[in-house]
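For reference, TrEMBL has these:
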TRANSMEM  6-26  transmembrane segment
TRANSMEM  35-52  transmembrane segment
TRANSMEM  79-103  transmembrane segment
TRANSMEM  124-145  transmembrane segment
TRANSMEM  172-197  transmembrane segment
TRANSMEM  209-232  transmembrane segment
TRANSMEM  238-260  transmembrane segment
Amino acid sequence: MYLISKIWLGYGLISVFFSAFLVFVISTSPLSNQSFYRLIVIHLVIVILSWINSWPTRVVWTEDAPYFAKALYDHTPRLFSLFMFLGIAFCHIQSWSSIVICVNRLRTANPEKYEERNKWWNRWFILIYVIVIVLSLLAAHYLAITPTVRFYEETGKFGYVIWDLADGIMQIFFLVVFLGLYILISLIFGCIAVCKIKKHQDGEFHHSSLVTLVHIFLRVFCLTLLLCSFFLQVEDFTVEMMITIFDLMTFSMTYIILFYDESVREAIRSSCTSETVDGR
């Protein structure tokens, strides 16, 4: 296994552990009554599934574990296309999930209307995510061109093939448009959230607000890096750079919560304390 793959794997496994731990802690604490943390739980589940789904594609790109990839390809060749299709869908889902969390925070920033709006979000958040997932799957199907994975017997290596030049141009067009669109939408809602939160919280950012703003603007930064790295001409470096940025962006919410959210840290301490008491 290449060094970069070991780094991806190590960082990813640690991040998956922390993400799953946060899902458990939040779901079993009073924080689960707040719509903001319910959205966080769904987002963390999405990023875990997204990271797991990305690995078959990485194996092909990096040529790691060639025997595993070849065995999987011989058994079900179309499975790689499914992984890539889901990977595109997960990129859309993650972007919209971050935007939904930002909208939730700016809508619940007003203390006078918090209870009413929190109830609304608790009632409809599942439907909102169902709509996000369905639209993301449709976008991945109709507004993206999934490359075909092909194994070249003469070289013993895998490759991605887009059979038509027009399809390749359309793929680049869709990628640039969607990255630019998500950067713009995230910036707009992030700036609106800053203004709303400052107005209703006396210029101070509470932990949940700080988590939201750091996450949305960090995601804008990572999406911008992805867009820039796409235009680099060094193919192998470009792919490795894009995957690395994707990993950092994927698990950014996990570490932001751990470092900035005092309510979650208190829930972790309470959970550990209760487990210690039960153990005695």
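In case you wondered, yes, glycine gets a Cβ from its N, Cα and C as well.
The stretch with the most CB contacts under 8 Å to the transmembrane segment (6-26), chosen from 124-145, 172-197, 238-260, is 238-260. Long-range contacts of the transmembrane segment (35-52) within the same chain, counting only residues at least 6 positions beyond its ends with a Cβ under 8 Å from a Cβ of the stretch, are 12, 15-16, 19-20, 22-23, 26-27, 87, 90-91, 93-94, 97-98, 100-101, 104-105, 108, 118, 121-122, 125, 129, 208, 212, 247, 250-251, 253-254, 257, 264. The stretches the transmembrane segment (124-145) and the transmembrane segment (79-103) are in mutual contact, each linked to the other by at least three Cβ pairs under 8 Å (pairs 6 or more apart in sequence).
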